[in-house]
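Presented below is the structure to which this report refers.
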Amino acid sequence: MTRPGRPRCAVVGAGGIGAFFGAQIPAAQGTVVYCARRPFTRLRVDSEIGPFDAPVQCLTDPGSVPADWTGLDWVFVAVKAQHTRSAAPWLARLCSSASRVVSLQNGIEQRETLTPLIGGARLLETAVYCGAELLEPGVVRQRGGARLVTEDVALATELAELFVGTAAVVVERSPDFRTEAWRKLMVNAAANGLTALTRKRMGVLRVAEVGELARAVMTEILPLARADGAQLTAEDVDRALAALRAPGSAEATTSMYQDRLAGRPTEHDAIYGAVARRAERLGVEAPLNRAIGALLTGAC
Ligand SMILES: NC(=O)C1=CN([C@@H]2O[C@H](COP(=O)(O)OP(=O)(O)OC[C@H]3O[C@@H](n4cnc5c(N)ncnc54)[C@H](OP(=O)(O)O)[C@@H]3O)[C@@H](O)[C@H]2O)C=CC1
Ligand SMILES: CC(C)(CO)C(=O)C(=O)O
């Protein structure tokens, strides 16, 4: 239930993104509990504005969620897509129709996946632009800006209010979230797989042949995105590629690169698998995206 006073928030998956955005909620705006696999007792974020510590309350067992927390005000989902099902017990304990759930996950299938797991809660999807990495439980390194693009709905306004007073987070409401979701998927399809497969940072896209491959991967997505109602054009590909290849991005990593380097499973199904499924459904070809997905499946 929504209680008087500060909203209560939970972050399910206290990794780079979950811990970073949880730490950005000012204490005056809400209390945050982290639902994690590995416990931590302090939360330190190292960002370009300097390191700061955030208050920590961490749980590692969904069974330990107090009964009166069901219907928590805000629940942020920040596990990798392949772990959403394993996080279902947290969502079952925390969510009711009174809750607001924010997906911070990459991909275009969050609504489909999360809706059956969140007890009728209102769901806000986001496209997350933020480079964050969990160095160890409770220690996050974040670089560059932190932007959440959402639908232009009342829930997004409430989300923006939660971050009032936090210069580090921008919540941008878009009148055309479908286009924004596909734009983000297109960026992920170009950047995540190619950095993960080459095991190189974003600067690898500045290699001419790799940059051309990234362009082809994104261009292949255009007709699919348009068949799905998104308004993306070749200029969007140009802009996205220019941003990915900017000299200032060369040292940036991607979440998939981080997982590949650490020997963890990668989130390829939420990116390339999603492209393949949508292509199948809409009768569009996507051989390059399928090939990258297949390579990552083999690599993991
Ligand atoms: N990192 C980035 O820069 C960006 C990431 N994203 C997206 O954000 C989402 C989160 O990514 P990111 O933060 O990088 O991922 P991380 O792997 O850093 O964090 C995910 C966290 O979820 C935890 N987890 C996994 N399963 C469970 C479970 N069943 N219950 C509780 N916790 C669990 C993991 O635990 P453990 O630590 O034990 O593995 C990990 O700490 C992804 O969808 C990603 O694509 C989007 C934009 C940028
Ligand atoms: C766009 C990018 C590369 C960083 O925000 C990302 O979404 C990721 O690392 O998964």
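Just so it is clear, glycine is given a Cβ too, placed from its N, Cα and C backbone atoms.
Caution: TrEMBL annotation is automatic and unverified by curators.
Pulled from TrEMBL:
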type	residues	note
DOMAIN	10-150	domain 'Ketopantoate reductase N-terminal'
DOMAIN	176-297	domain 'Ketopantoate reductase C-terminal'
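For the domain 'Ketopantoate reductase C-terminal' (176-297), the DSSP-based tally of helix, strand and coil residues reads 95 helix, 0 strand, 27 coil. Across the domain 'Ketopantoate reductase N-terminal' (10-150), DSSP classifies residues as 36 helix, 55 strand, 50 coil.
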